[in-house]
Amino acid sequence: MAVTANVGTIFPVVWAGDRVQLIDQTRLPEQYELREITTAAEMATAIRTMIVRGAPAIGVAAAFGMVLGAREYRGSDREGFLIHLENIASQLRQTRPTAVNLFWAIDRLLAAAQQPTPTLEELQQHLLETAQTIAREDVQTCQAIGKNGLGVLPKTPEKLRLLTHCNAGALATAGYGTALGVVRAAWAAGRLERLYADETRPRLQGAKLTAWECVQEGIPVTLIADTMAAHCMQRGMIDAVVVGADRIALNGDTANKIGTYSVALAAKAHNIPFFVAAPLSTIDTSIATGAEIPIEERHPQEIYQVGFSRITPAGVDFYNPAFDVTPAHLISGIITELGVFAPVDLARGIGAVSG
């Protein structure tokens, strides 16, 4: 039976004393369940199996995974501790190759580990405080993205009908959400008539997670199959599209959940603005274009099996990329915590605002 009762404010990754509590997103919407993670290896498994997912949330989870790994060290010398921490970082880096926030958070923890402290215990505490700061900053970042996104949405009609793909909500971040942060801001401002959510095959994050989040807060949501998005645009049912991102190249090319590119093409064909909402940490300044973004491929079972039932005949081959890359020319604006940038101005813009 689906969970429909309000579970309160959604925080998918929480430090709880000496462990991490994760909302098990593989169980939603049928069951709201918290998983307790006590080791770095357990965190790596949780990220790989998508118990926790969404680029910013993965980053926060990886940061706490580093903290758990640091607490597993049984030696007493700092050099051995740093080697141990590098090994933990290597394990976590191998979990999901596309989401750049994962690598950003791990690198931030490794940098924090260079902080001179009198004892290893104090260094471990410093790592925990750094991870908690990442989580806290992410919520604040998402709220700023929501505010900035609200400001760039079409001025007419007064009540907007927005479309989103996958889940870029509270479940995909430390809380509030990126694309759904914009939706939440529009709803709070009285500017949202309805959210249309693509179901997002093959893992159905839109159907299972985005719809669930909306139900928790009473946001009017209509679920559609991925193949219906262009039809809805053609019928004049969509005023703007807002999606999240897992990695953005310097030229604005954006990797997001598979199917996003198709939505962007349809939006362009119907002159509907298509926005990407993401924190600056999702922008990979080391790559020039989307051609350099590694695309994760997942097990074909996600395609051929629904629940416990196989839906395809034996002998069929499968191709299951988890992400696609939307070219920058299809994107109307990239909504960040520090403002909204046209893709062509992204590199110059982030340089200006970051000093």
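Yeah, the Cβs are placed from backbone N, Cα and C, and that goes for glycine too.
According to Swiss-Prot, the active site, proton donor annotation covers Asp246. As annotated by Swiss-Prot, substrate binding site applies to Arg53, Gly54, Ala55, Arg96, Gln205, Asn256, Lys257. Taken from Swiss-Prot, the feature site 'Transition state stabilizer' applies to Cys166.
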Output field, substrate shell: CB within 8 Å of site CB centroid, site Arg53, Gly54, Ala55, Arg96, Gln205, Asn256, Lys257 dropped: Ile58, Ala99, Cys166, Asn167, Ala168, Ala172, Gly244, Asp246, Ala322, Phe323
Densest Cβ neighbourhood among Arg96, Lys257 (binding-site residues), 10 Å radius: Lys257
Cβ-Cβ distance under 8 Å to Gln205 (substrate binding site), same chain, at least six residues away: Arg53, Cys166, Asn167, Lys257
Conformational class of Lys257 (substrate binding site) under the three-state DSSP mapping: strand
Site diameter for substrate, Å, by largest Cα distance between Arg53, Gly54, Ala55, Arg96, Gln205, Asn256, Lys257: 17
Whole-number Å value for how far the residue listed as 'active site, proton donor' lies from Gly54 (substrate binding site) (Cα to Cα): 7
C-alpha spacing of Asp246 (active site, proton donor) relative to Asn256 (substrate binding site), in angstrom: 5
Same chain, 6+ residues apart, C-beta under 8 Å of the C-beta of the residue listed as 'active site, proton donor', given in sequence order: Ala55, Thr98, Ala99, Val100, Asn101, Ala255, Asn256, Lys257, Thr282, Phe323
Cβ atoms near Asn256 (substrate binding site) (within 10 Å, other residues, all chains): 28
